[in-house]
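K.L.:
Could you have a look at this structure, given as structure tokens, before my questions?
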Amino acid sequence: GDTTRQRIKFSDDRVCKSHLLNCCPHDVLSGTRMDLGECLKVHDLALRADYEIASKEQDFFFELDAMDHLQSFIADCDRRTEVAKKRLAETQEEISAEVAAKAERVHELNEEIGKLLAKVEQLGAEGNVEESQKVMDEVEKARAKKREAEEVYRNSMPASSFQQQKLRVCEVCSAYLGLHDNDRRLADHFGGKLHLGFIEIREKLEELKRVVAEKQEKRNQERLKRREEREREEREKLRRSRSHSKNPKRSRSREHRRHRSRSMSRERKRRTRSKSREKRHRHRSRSSSRSRSRSHQRSGHSSRDRSRERSRRRSSKERFR
């Protein structure tokens, strides 16, 4: 009542989260044949209103609690349906077994009568009239028993066949449906508060599953993004701390090397430029071209030597590192 409202917030564990999301089975099925009575948790429309306002600003993820609640409720209902189906199948088997036993009794008596009649014929053929008369009396007794057994069998048939096809279990709300139910009864069932309530609960459960899956996916994505950002920051920090701790001489030599490579590339550019210029004036003299090829070979050597020297220097540096 009013005192709990002052004392309790909608986020409190004692508050029914399914009620806040308007899908608690205790609300949906109240006043039906399967009325569940009071919910164990607090139901309060004022708290629902508070939640609806607050949830516009913040995601409380109550769908997860509601989903678990409805899932266990529907699982119970489906279990009940299975039990009811099994019980129905068993009673139908028992009934049909009983019917079969009654039919079997008729068959047994038929067999007895047939054997006795064969014996009567045999005795008659042998001229044993007295004996055959005795057997004939037995036949009459067996015929009386057979009439009785047939009556019992016939009487068990309509009830059992009616029973057998009569019932099935509604998959939605686990109530029994009669095959011979009239339109009124069917309309009462399928349009009734119980059946419709179960449809509502099942649809709500599907919706909650979808919402929860979407929200979890979104959360996972955000978590992944945060982790990647953290790792990037860590790498950045590590790189900075490394470059600070390096000894300045080495970094200067690296700088020098970079500078040298830059100047080398500049030199190379200049060389190719001059080469293209020479190409234009090739017809000037043959001897100059010969000396040029010689100098070109030499420059090739020198660049090879240089790279060899560089790799040697590098490997020695690796050794001292």
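Every residue gets a Cβ built from N, Cα and C, even glycine.
So TrEMBL has the following annotated:
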{"type": "COILED", "residues": "74-152", "note": "coiled coil"}
{"type": "COMPBIAS", "residues": "215-237", "note": "compositional bias 'Basic and acidic residues'"}
{"type": "COMPBIAS", "residues": "238-301", "note": "compositional bias 'Basic residues'"}
{"type": "COMPBIAS", "residues": "309-321", "note": "compositional bias 'Basic residues'"}
{"type": "REGION", "residues": "215-321", "note": "region 'Disordered'"}
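I'd like to know what surrounds each of these features in this structure.
P.N.:
For the compositional bias 'Basic and acidic residues' (215-237), same-chain residues at least 6 beyond its ends with a Cβ under 8 Å from one of its own Cβ atoms are 59, 61, 63.
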K.L.:
For the compositional bias 'Basic and acidic residues' (215-237), what does DSSP give as the number of helix, strand and coil residues?
P.N.:
23 helix, 0 strand, 0 coil
